[in-house]
């Protein structure tokens, strides 16, 4: 591989990413397509790009299916959420969430020990819930 091919690949990759960014903002974000359909189309262009060099020696024709594959694979990565991997998580949404707490029920006793019953009985005999049956 010589320097001219490397420069062509570099320029083509920048152009593909630039075109994808513009098309994604204007058109692709509005389309509702299955991510698997986009992946299959991109893989078809990948295999076409592998087969074409056997039939022609033109470098531009060699790179066109590869460019289309990269375009569709970028679209697939956006649809499947691969571009969000490693991105910092939004912490503001976690702090703004409110928890629903149950209403307090003052007349329910969850845990009653024998010590509490004796103390309540000794302090005042007014509370009937804590009175012990004496035999």
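A Cβ is built for glycine as well, from the same backbone N, Cα and C atoms used for every other residue.
Caution: TrEMBL annotation is automatic and unverified by curators.
When Cβ-Cβ distances below 8 Å are used as the criterion, the transmembrane segment (6-29) is approached by residues 59, 63, 67, 70-71, 74-75, 78 of the same chain, each at least six residues removed from its ends. Residues annotated as transmembrane segment in TrEMBL: 6-29 (among others).
Annotation comment: TrEMBL describes 36-55 (among others) as transmembrane segment. Residues 61-62, 65-66, 68-69, 71-73, 75-76, 79 of the same chain lie 6 or more positions beyond the ends of the transmembrane segment (36-55) yet place their CB under 8 Å from a CB of it.
TrEMBL lists 61-79 (among others) with the feature transmembrane segment.
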